[in-house]
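Enquirer: Let me begin by handing over the structure; questions about it come next.
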C-alpha cells in the first residue's frame, strides 16, 4: 500500500520515510484482517481529507512547480492548509515559510569586515578624486582659450604665450599622474572587496542552507540551490566590484563639473541643470521596471536549473528511455519564459540609455542658445561659456557612463533578495542552535505518544494517526508493513527531521523538542535505504561518522584504527583493501564509483564507527546481496546488543530476532510482538512472511546456516586475495587499453579549452546562435553606426559654435551674427538629439531580442549536447551534476558579453574613432596625426586588460565550480548531512575553498587594475600633447581656432569613448571564456553518440542476447577490472536472473546491454548482431530498464510515465493499462489530483515503493522486447513486492527479461539463473538445478531462509 508523500527515498535530498497509503487493494484489506471495501478511498484520516475540497483545488494547485505551492494557493485565495485546525496549520507553516526580505543596495555589504569597509572607503575616495580630476581639465581649457584669444589680439608676446602653453600642458601631466594613482587604488580595491564580500555571502548562504529544516528542502530543488550559490552570487559580486568604482568616478566627475560651472556663471548653469533632472527622473522611473523584469527572469532560470540538475543526476535513466529530447523540451519551457522577461528588461534598459543620450545633445542645444545671449549682453566671456559647456558636457557624458552600471546594481539587488531571504530565515529545527537541554547520560528509551503527522509539503494527506509506540532501551524494535505505511516517518520523527502536528516523541522520558537538536542527532546513527556518500575518500566517508563525538579529536592513528575496525565490522574492509588505492580511493559524487552494496557497507561502517547509543536502520541491508547481507546482518545483530535499535525491513528474514516487531498499515500500528508470537496469531505479519517464503527446497536448520556464515567469512577473505592476485598480468595489459581510451578524450578536451580557439572562431560560435536574427542584427548594426556617428558630428557642431561665439561682439552687427549663427547650431544639435534618440531606442530593442535568444539557444544547445554525451563523460570527477548545472546557468549567461549591447557599444566606438579621425585629418592633418598617435596606446591598454581578465576568469571559474559542486553535493544530500551533524564540517571545508580562491586571484586583480588605470590616465596625456602641439601650430599661425577645436574635440572625445570599450572588458573576458568552454563541449563527440544516424536500424527483435568473453573496466577507474571474460546466453523470451555478491559485475552487465559503455574486449550480441554495430537510439527503443533507484522528475505522475513512451500521442487507456500492470493504478486514482498529481523534485512526494511502481509502469508503456530489471523490487515491501512481482512475471511473457536480484525469492521462477563472482559466471541453471548442485547459489539461498526463529 502506498503513500503520497513519503518516499523521499530517491536522492538523499528528498529521502525519508513512508507515507500513508491511499490505495488499498481488496486483497490487501483481507490480508490485514479487514472486510473488502469498494475501491473508493475510505474516510479514515489516512486518506486525503475532504475530498471535495481537493477536487476544486485540482485546477489551481501546482501551476508547474511545487516550490511555489503554498504561495500560489494563497495568491489564488485558496489555502492548502485551510482544512486543518489552527495549531496544526501553525506547525506545518512554520516548517515551510520563507519570509520575504526587502533588500536595499547597501545591504549587499552586510558581510563586509572592518578591513573591507576601510578599503572600500579608501577605494571610494580614490574613485571620487579620480573622477573629480577630469572636469578640472576644463578650467585649464578655459584658461588656454583665453590665452589663445589674447594671442590672436596680440595682447601678449609669443614668448609669454609659449610659457603659458608649457605651464598648462604640465598641469595636464600632473592630472594624468593623479588619475593613474587614484584609479588604480579604486579598481583594485573594489575588485578585491567585491570578491571577498561575495565569498562571505556564498559562505553564509551555504551555512544558512545547512541549518534549514528538511521540509524546506522538500519544496526547493537542489538545482535551485546550485543556481543561487553560483549564478546569483556571481551577479551580486558583479554589482559590488569594479562597477561601484566606475560609477562613483562618473558621479564625482558629474558633480565637480557642475561645481566648476556654478563658479563660472550660476545663471547659465542653472538653466542647463534642467537636463540633469530629466536624466535622474528617467533613470529612477525605469530602473524599477528593470528590477521587476529581472527578478522574473531569474526565477524562471532557477526552475530550469532544478530540471537540469534532476536530469543530469539521473542521466542513465534519460539515456535508457531515449528521453533526451523530451527532457530538453521540459527544460526549454522554463528558458522560454525567462527569455520573455529578459527581453523586457533589456529593452527597457535600451530605452533608458536612448533618453539619456537625447538629453545630452539637447543640453548642448540649450547651452549655445542661451550662452550666445549672455555673451552678447556682455554678462560673460567666451572662455567662461566654453568652460561651462565643456564641464556640463563632460558631466553629462559621465552620467551616461553610469547607466550601464545601474543595470548591474539593480540585478545584484534582485539576485540578493532570494539569497538573503534564506540566510535570514529562522529554521524551526535549527541544528546549529545552542538552545535546548542535553542529558547527562542516554539510556536510549524512546517513546512515541499519540503521534499525528502530516508532511508540510503535502498538507492534504495525514501520514500517521494516533500512533503510540514504546522502543525499550537496549532492545531491537523492527518496523514492517507495506510501502507508505509510516515506517520511515517514525525514523524521521526520532531524528527530528520534522515536527509532528500532534503528540510527542520522548527520549528517556524527555520531550525531544526540548532537547538540543545537534546533541540529539549525535546520539543517533542512521543508515538509510539509499546510502549517500560524499565525493571524498572511503576513509573520509567513514570518518564523517566521528563528527561531534568524543573520538573526533583523537590522534590520526587512533582514528585510522577506529575506521578500519568499523569497516571490518561492516564486512567492507576486504573489498576496500582490494581496491588499488585502498582506503584512499575516491568514491566519486554520491559514491557512484561503487556498487550499491559497497556503498551500503561503507554507510554502515560510518554509522557504527562512533559506537552510537541509538541505531536507526532504514532498510540498511536492502542494497546488499545475500552473501554480504548475511555477514553484515550478523554484524548488525551483534551491534544491536546493548543499544536501542529501530530496524525497518522489507526483507523479513533480517528481523526475525528482534525483541519487538511492529506491523504498520496506513499510518497506524496493526499488531506487535515477537516473530514467533506474531506467526501464531496468523494475522498481518503471518501474511507478510508467507508472501516472502522461499520455495520448499531449503528446509535447512539454523545450525547449518550459522556454519555457512562462519565459513563464508573465511571464504570472503581468501576469495578477495585469490581473485585479485592472478589478475596482475591481465591488469597491466588491460590498464593500457582502459587508460588510453578514457584519457585521450580528457587530454583532448583540456588542450582545446586552454589554447585551441582563436577569438574569430569563438565569435563564429556566437554568430551561429544568432543566425536567425540576421535582420535584427543588421538593424542593430545600422543603429550602432548612427549612434557612433553622434560623437564626431557633434565635434563639428561644437567647433562651429565655439568659433561663432569667439566672433567680435563689440558692434551690433557682430552681435547679430553671433546670435544667428549660435541659433543655427543650436537647432542642429536639437535635430541630432532626435536622431540619436531614435537610433538608441531601436538598437536597444533589437539587441535585446538578439542577446536573449542567444542565451536561450546556447543554454538549450549546451543542455542537449550534455545529454548527447556518453555515460563515461558523466562519470568524470569534473562533470558532476552540480558542476554541469552551474556551467549551464553561468557560462551561457556570460556569452551575452559577445552579443547585443556589448557588440553594439564596440561597433559604436569603432565608428566614433574612424569618423573622428577622418574628419580631423581632413581638416588639419598635422594636429590630427599627433593626437591620433596616442590612440593605439589607449587601445593596447584596453586589450591587455581584456587579456588579463580572461585569464583571471578562467581560474576563478574553475575554483568556484569546484566549490559550487561541493555545496550542491552537500545540499542535495541534506538528510545525510543532518543525521551526521556534518553542517560545521561542510561549512568549514567550503570556507577553505573560498579563501584559497581569493588568495589566488589577488595578483590577477592587481595586474589588471594597473593596466586599466593606465588606460584611463593616458586620456590626460593625449590632451596635454594635443594642447601643446595645437598651441605651437597656432603660434606659428598654421591653424585657426576652428581647426584647433574641431581636431581637438573630435580626437579627445573619440579617445574617451574608446575608453568605454574597456569597461566592457570584464564581460568580453567572461564571454570569451564561456564561448571557449561551450565550443569545447559542442566539439566533443562521444564514443557512443545518441545523435548519430549511423549503425544498423533493427526492424524487429527476437531478443536473443549473448555475451562473448567480455572484459570491461570503468573509464574512470581503468586499473580496476570489473568483467573478466564474461560469457552468457539468453534465449528469446527467457526470464534470466543474475545473482552474486556486490561488485561482481551484475549491474555492469545491464549497463553494457543498455550500451552505456562498450566492452574493452569481447562483444555483446543481440540476435547475432554486435550491439556496437547498431544504431544506438533504435537499439535502445527495444529495451526498457527498471533500475534499483527509481528516477522521477519534477512534474506530474502522467508526465513521468509518458517518458517511457517511444511515440507521441499515447492514448490514456495505454497509460492506465501500464499502471494497472504495475499495480499502481488504484493508488494514483486515490490521489487528490490522480494522474495530474505533482511528484516533487526527484519524486520526493512519493514513497520508494510508489516511485518504483511508477518506474515500472513507465517501462511497460514502451512494450519492450527486452526488459532489464536491476533490483526492480528492492524498494518494495513484501505485499507490494508480491503483487509487482506477479505483474513483472506477467510482463515478462513474450519478451526477454534479465533481472538482477538480491532477494532470491523474486527470481525462483526464472528460466535460467547465472551466478556471478569476480566478473564472470561461476554457476548457471534453474533454481531447482542449482539447489541440487549445493554450490554458491545454494549457499546464498540458505542465507536468506525465512523459517521460524528457533
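The backbone N, Cα and C atoms fix where each Cβ goes, glycine too.
Keep in mind the model is a prediction, meaning the values are calculated, not measured.
What Swiss-Prot records for this protein is below:
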BINDING   481-488, 1140-1147  ATP binding site
COMPBIAS  1-11  compositional bias 'Basic and acidic residues'
COMPBIAS  22-33  compositional bias 'Polar residues'
COMPBIAS  52-63  compositional bias 'Basic residues'
COMPBIAS  712-731  compositional bias 'Basic and acidic residues'
DOMAIN    121-411  domain 'ABC transmembrane type-1 1'
DOMAIN    446-691  domain 'ABC transporter 1'
DOMAIN    779-1070  domain 'ABC transmembrane type-1 2'
DOMAIN    1105-1343  domain 'ABC transporter 2'
CARBOHYD  1127  N-linked glycosylation site
Enquirer: According to DSSP, which kind of secondary structure is residue 1146 (ATP binding site) found in, if we only use helix, strand and coil?
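Expert: Where residue 1146 (ATP binding site) sits, the three-state DSSP reduction gives helix.
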Enquirer: Can you say which of 121-411, 779-1070, 1105-1343 has the most Cβ pairs under 8 Å with the domain 'ABC transporter 1' (446-691)?
Expert: 1105-1343
Enquirer: With every protein chain in view, what's the tally of Cβ atoms within 10 Å of the Cβ of residue 1142 (ATP binding site), excluding that atom itself?
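Expert: Cβ-Cβ neighbours of residue 1142 (ATP binding site) within 10 Å number 24.
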Enquirer: Kindly state the mean pLDDT of the domain 'ABC transporter 1' (446-691) in the predicted structure.
Expert: 88
Enquirer: Any idea which of the binding-site residues 487, 1146 has the thinnest Cβ neighbourhood at 10 Å?
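Expert: Output over binding-site residues 487, 1146: least Cβ neighbours within 10 Å is 1146.
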Enquirer: Measure from the CA atom of residue 1127 (N-linked glycosylation site) to the CA atom of residue 1140 (ATP binding site) and give the result in Å, rounded to a whole number.
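Expert: About 15 Å separate the Cα atoms of these two residues.
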Enquirer: Relative to the Cβ position of residue 485 (ATP binding site), how many further Cβ atoms are located within 10 Å?
Expert: 34
Enquirer: Just going by other Cβ atoms within 10 Å, which of the recorded positions 483, 1127 has the emptiest spot?
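Expert: Counting other Cβ atoms within 10 Å of each of the recorded positions 483, 1127, the minimum falls on 1127.
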Enquirer: May I ask for the distance between residue 1144 (ATP binding site) and residue 1127 (N-linked glycosylation site), taken between their Cα atoms and rounded to an integer number of Å?
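Expert: Cα-Cα, rounded: 14 Å.
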Enquirer: Once the chains shown are all counted, how many other Cβ atoms turn up within 10 Å of the Cβ of residue 1144 (ATP binding site)?
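Expert: So the Cβ neighbour count for residue 1144 (ATP binding site) comes to 26.
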Enquirer: For residue 1140 (ATP binding site), list the number of other Cβ atoms lying within 10 Å of its Cβ atom.
Expert: 26
Enquirer: What's the number of neighbouring CB atoms sitting within 10 A of the CB on residue 481 (ATP binding site)?
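Expert: Other Cβ atoms found within 10 Å: 29.
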Enquirer: Specify the secondary structure state of residue 481 (ATP binding site) as given by DSSP, simplified to three classes.
Expert: strand
Enquirer: From the Cα of residue 1127 (N-linked glycosylation site) across to the Cα of residue 483 (ATP binding site), what is the distance in angstrom?
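Expert: Residue 483 (ATP binding site) and residue 1127 (N-linked glycosylation site) have their Cα atoms 37 Å apart.
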Enquirer: May I ask for the distance between residue 487 (ATP binding site) and the residue listed as 'N-linked glycosylation site', taken between their Cα atoms and rounded to an integer number of Å?
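Expert: Cα-Cα distance, residue 487 (ATP binding site) to the residue listed as 'N-linked glycosylation site': 42 Å.
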Enquirer: Write down the Cα-Cα distance for residue 1127 (N-linked glycosylation site) and residue 481 (ATP binding site), rounded and given in Å.
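Expert: Just about 40 Å between their Cα atoms.
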